[in-house]
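What Swiss-Prot records for this protein:
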{"type": "BINDING", "residues": "C236, C242, C245, C247", "note": "[2Fe-2S] cluster binding site"}
{"type": "BINDING", "residues": "C269, C272, C280, C283", "note": "[4Fe-4S] cluster binding site"}
{"type": "COMPBIAS", "residues": "1-25", "note": "compositional bias 'Basic and acidic residues'"}
{"type": "COMPBIAS", "residues": "252-265", "note": "compositional bias 'Basic and acidic residues'"}
{"type": "REGION", "residues": "1-51", "note": "region 'Disordered'"}
{"type": "REGION", "residues": "59-190", "note": "region 'N-terminal SAM-like domain'"}
{"type": "REGION", "residues": "191-218", "note": "region 'Linker'"}
{"type": "REGION", "residues": "236-247", "note": "region 'Fe-S binding site A'"}
{"type": "REGION", "residues": "252-272", "note": "region 'Disordered'"}
{"type": "REGION", "residues": "269-283", "note": "region 'Fe-S binding site B'"}
{"type": "MOTIF", "residues": "269-272", "note": "motif 'Cx2C motif 1'"}
{"type": "MOTIF", "residues": "280-283", "note": "motif 'Cx2C motif 2'"}
Amino acid sequence: MVPPREDVTVRIVCERRRTAGKEARPPPSAKPTPGNTSSHPNAKETHRSNEPFFRLYTKQSHRRSIMASTLCVVLGSASSTDPAAISAATMTDAAAKTIHDAIYESLELVVVASELADVYDSMELSRFTKILSPNATVSVSVIGDATKSLSPIHTSFLLAGLANNSERRNADGSRTLTATRRNNTTNSVATLNFASNNNNGNDLLIDEDNLLTDASNLLGAPPSMSAAATKSGDDCSGRAPCDDCTCGRAEGAKEGNSEQPKEIKSSSCGKCSLGDAFRCASCPYLGKPAFKPGEEHLVLDLQDDF
């Protein structure tokens, strides 16, 4: 049942204030001179009492909407077998001719396929939803060979808030698109699924043993340091000794630093790094490529193994 619409009628009444019966009035012979309003002691008060004022009356009248079954609108040069169909040139004209006091259960629009882009406006269909009841059906019949895109009709359904239901192709090549108005009620209730609140306190507990595991081996030494530590028998994974070391690793590190550096081979000419063109006959790097001074240990060993 559609609730009745309330129309409010406003009536403005202009009245004049009337002075009290006991109020003294000036005699007819005593007329105030222009510019002088003090000829009578109550002249100013009498002028105020005759000022008009307004009263606002409201009257509410209930007018029930007319419930109708189907509204048929023919656009452009299309035709319909419904004698009560409304003919209009465009969607804008059809919206202006519609009886807005009635509520319809279904709306039928008829348009020729060749005139779809000219007479059908996607924005105007939303104006018809005001006269449709909840769950009302809206159908658009495209007469003729509807080989062109029907995207304007689908767009109008979307802008009007309609749910697109179906599209039917007839034997003569015409198409009928159907949509339904959603029943959006203000008293509808949506169910919210909340997660179960398990306040047993176990989520706040942390296992200390899990914090000590290193599954990704992030706490270990780099591979190069580990290989060097394994080769030298170091059990500290190549890390520097502690300041208060008691395992003897600090003494071993000091002895390792006190070792003499390896002797670097060189000749008397001092031009070993420049290449064979500058080296002498007794150069130990004869036959090897040139290198930077101090990088003798990086020189490739190009000698034969035989």
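A Cβ is built for glycine as well, from the same backbone N, Cα and C atoms used for every other residue.
What Swiss-Prot annotates, mapped onto the structure for a quick look.
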residue : record                        : CB count, 10 Å
C242    : [2Fe-2S] cluster binding site : 11
C245    : [2Fe-2S] cluster binding site : 14
C247    : [2Fe-2S] cluster binding site : 11
C269    : [4Fe-4S] cluster binding site : 13
C272    : [4Fe-4S] cluster binding site : 24
C280    : [4Fe-4S] cluster binding site : 12
C283    : [4Fe-4S] cluster binding site : 18
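Those residues of the chain, other than C269, C272, C280, C283, with a C-beta within 8 angstroms of the mean position of the [4Fe-4S] cluster site C-beta atoms are S266, S267, S268, G270, K271, F278, R279, S282, Y285, L286. In this structure, C247 ([2Fe-2S] cluster binding site) belongs to neither helix nor strand by DSSP; it is coil. Separation of the C-alpha atoms of C269 ([4Fe-4S] cluster binding site) and C242 ([2Fe-2S] cluster binding site): 46 Å, rounded to the nearest whole number. Here the Cα atom of C247 ([2Fe-2S] cluster binding site) is found 45 Å from that of C272 ([4Fe-4S] cluster binding site). Rounded to a whole number, the C-alpha distance linking C272 ([4Fe-4S] cluster binding site) with C242 ([2Fe-2S] cluster binding site) is 42 angstrom. Taking the C-alpha positions, the distance from C280 ([4Fe-4S] cluster binding site) to C242 ([2Fe-2S] cluster binding site) comes to 50 Å.
You'll find the Cα of C242 ([2Fe-2S] cluster binding site) roughly 45 Å from the Cα of C283 ([4Fe-4S] cluster binding site).
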